[in-house]
Each structure stands twice: as structure tokens, then as C-alpha cells.
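Report on one structure; see the data block that follows.
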Amino acid sequence: MTSWQRLCWHYRLWTLGCYMLLAILALKLSLRLKCDFDAMDLDSEEFQSQYCRDLLYKTLKLPAKSSINCSGVIRGEQKAVTQALLNNLEIKKKQQLFTEADYLRMTADCEHFKTKRKFIQVPLSKEEASFPIAYSMVVHEKIENFERLLRAVYTPQNVYCVHMDQKSSEPFKQAVRAIVSCFPNVFIASKLVSVVYASWSRVQADLNCMEDLLQSPVPWKYLLNTCGTDFPIKTNAEMVKALKLLKGQNSMESEVPPPHKKSRWKYHYEVTDTLHMTSKRKTPPPNNLTMFTGNAYMVASRDFIEHVFSNSKARQLIEWVKDTYSPDEHLWATLQRASWMPGSDPLHRKFDLSDMRAIARLTKWYDHEGDIENGAPYTSCSGIHQRAVCVYGSGDLHWILQNHHLLANKFDPKVDDNVLQCLEEYLRHKAIYGTEL
């Protein structure tokens, strides 16, 4: 073999070696970049890869309705907030929300609906998969609000009971049923009631869902209850961590009632289309219970919910409050201070928990808004007020996200869709990347 032939032979071997090395590197890279979305765990080494997270986020990123600076709105930058508020004024005139007919059409193909509407269809971590949450969702109108709320809290390991007001419109009920039918872990409450504002029926709607959820095969740990104007301000992963920290305790507003609220259970109330106070005085609470006041929303352990149905003293209190005014605002608060209820707090006033200290729901009340430097708990609402409660605007989002609550109330895309869009973007980005926008 001549020196030229030997040189050519060595060159071929070198080239072949280079190709083999490149092939091995390509194989290793492809294995590293393989993202198993069916057995996903964002805490695993595989999903520490920026490639996998980017791919997942691209798949689940929600389409923006408006070109606003959500990062700036979330940080509370005045220029971004002002632009979002002005943009909201412009789009409100021509805004078209999805109708019941739209949802009937979209859900004709469930897989397409879930993919197009960007529902998260796999648990994002092993920790979340092993800690399912139950939701009691009471709704009566505004179908897009319901679907966006469901999408925001939905994961396949959780379980969701939806109570529709029996007097809701037929198109609304059909659309809710159509949406629910697309998910194996979402169902309609087995018993529906007509809900009258501030009456017992609001509690009964939740109780119907609670009873159904206790029959579910899903081994949920905690229950959260929602209404149609709620929205989460924490990701599911953050909720799981917060619930684990409770270690079996509940978290809900429960305080000594001010004098003006005591009349709510001193007199018998009658229900027609609305609630009417009579002159008939009620007997004292059963079992010499001390009454407390709070709100309709709770973060309650499974043990607590089970005792609502099985404990005779709890059942007696439930019967007693049925003819009171807004029983949802004192039933749960009082049970939370009963020593025989799991996860409850002691009676002493030092254990009072305000709505700002509980994690169940963040709400801005009109009569508490003002200048923080002068002692107000929060600044003025940037949206509008409904029954003295702030319907949030874009200017509220920075404040909202500084708080420890799991959900906030009230949101309405008809009032300000941009605050919802930015909150949705924030939650989806944080769910995938673990960081803010």
C-alpha cells in the first residue's frame, strides 16, 4: 500500500470516526431533549431542561386577547396599568364573550375543545398528583366566566362538583353540562336548588356538592368552594404547598360578630323571591354554641367536611341556621370554633381570623378601602363596586398578587377583561416555569 493509499485510508477512518462521534452526540442530545409529557414531573431532572419547559409552555400558553404589557401591570407600573385601563375602555365597546351556543359547538369535539382552550391535561408534578383537591363550584350565569375559572383551577388529579342554580336559563345549563361532559373528574351536583341571595339555599348548594364529593373515588385532602366571580391567584402547585402547611387545620374567616350582625340569627326569616325578616324571635343556638361570623368561603379538610354530615351537634346547628339571614356567613365560622370539629380553632378571641389572615378568599370591601398610610387595609378599587365589593380592575392586580390567599373575588370580563388576561398569563407562566412573568 502506497503512502497515498495509507493517507486516504486514515482519512476515511478519521471521517467515519467523526460521523460516529456526531451520531452518538446527536443521540445523547435527542435523549436529553426527549420530553415525556405523559409522565411529567416539573421537579424532575428531565424537566429542568429549558427546552422541555419551553415546549410545554408553547403548547399551553393562552392566546392574548389584547396586546397589553402584562408584566408591567403585574409589577404595578403606572404606565402599563394606565394603558391597560384605557385599552379596556376601548375593547368594552366591541367586546364579544363566548356564548352558550359557542360552547355547545366547541364541546361537540371534546378533545379539540380541551386542546384549543388550553386545559392542563396531565399532573405537572408528583407532589400535585399525590395531593388532590376537591372543588365545590356554585354558578348561575355568565358561561365564559365559568369556563375560564374551571380552566384556571383544572388539573386531572383534582375533582370538581358544579352546582347550577335550578332557575338558571336553559341555554346556560345546557352549556355547563356540555363543558362538564368533556372531563371525567368534573360532574354536576346530583341535587340542584334554586338559590336565593342571602338565604339557606346558598349553603344547601355547597352541601349538595360536598356530599357528592365525599362519594367520589378521588382521595382528596382539602375542599375549596367557589362562585362564578372567583379566580385563583395561586397555581395548583402553590395551593398544594399551602394546604400541606395547614397540617389538617382549616382556614376560613371566623370572628366575634359586631352588634349589627347579631340580628341575623335573632329573628326568623322567611323566603319568597327574596328574604324577609319577621318579628318572630329565634331560640338560642343549640348546645350553647357561641356564634361567630365570617363569609361563605372556606379551605376545609376532608375530616371537617365529613363531620359536617356525621356529627350530631353540627347537624343541629345546620337545622337551626336554616331560617337565619345569610347563614353561609355564620355557619362555617361557628363550626370552625367548635372544639368537636376537626381542624377547628379555640373559642378565645385571640384565635379570631379575619378574611385578610385566612387564605380562603381575597376581597376588597368598599368601606375598608382608602389610604394605607392612614390605616386602611388596602387602596381603592380600580374597577367598580357590586354590593360594596370591588370587581377588580387592572390597577388591582399588583396588590392582589402580594397576598397569600388561594383565590380572589370578584372578577368579571365585562368590567375588566385585561386584569383576567394578565392573571391567566401570570398563572400559566408560573405553573410551567415556577417564576413570574
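Backbone N, Cα and C atoms are what each Cβ position is placed from, and that goes for glycine too.
Taken from Swiss-Prot, the feature topological domain 'Cytoplasmic' covers 1-12, and the record attributes it to sequence analysis. Feature annotation from Swiss-Prot assigns transmembrane segment to 13-30. According to Swiss-Prot, the feature topological domain 'Lumenal' maps to 31-437. If you look up Swiss-Prot, you'll see C70-C227, C161-C381, C182-C209, C390-C422 marked as disulfide bond. Marked as N-linked glycosylation site by Swiss-Prot on the basis of sequence analysis: N288.
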Distance from C161 (disulfide bond) back to C209 (disulfide bond), taken between C-alpha atoms, in Å: 6
DSSP three-state assignment (helix, strand or coil) for N288 (N-linked glycosylation site): helix
Cβ-Cβ neighbours of C182 (disulfide bond) (radius 10 Å): 17
Which of C70, C209, C381, C422, all disulfide-bonded residues, has a Cβ with the fewest other Cβ atoms inside 10 Å: C381
Listed disulfide-bonded residues among C70, C227, C390 whose Cα sits within 10 Å of C381 (disulfide bond): C390
For C390 (disulfide bond), the number of other Cβ atoms found within 10 Å of its own Cβ: 25
Neighbourhood of C227 (disulfide bond) by C-beta distance under 8 A, where only residues 6 or more apart in the same chain count: M137, V138, V139, A296, N409
Listed recorded positions among C161, C182, N288 whose Cα sits within 10 Å of C422 (disulfide bond): none
Among C182, N288, C390, which are recorded as recorded positions, the nearest neighbour of C70 (disulfide bond) by Cα: C390
Integer Cα-Cα distance in angstrom, C161 (disulfide bond) to C182 (disulfide bond): 14
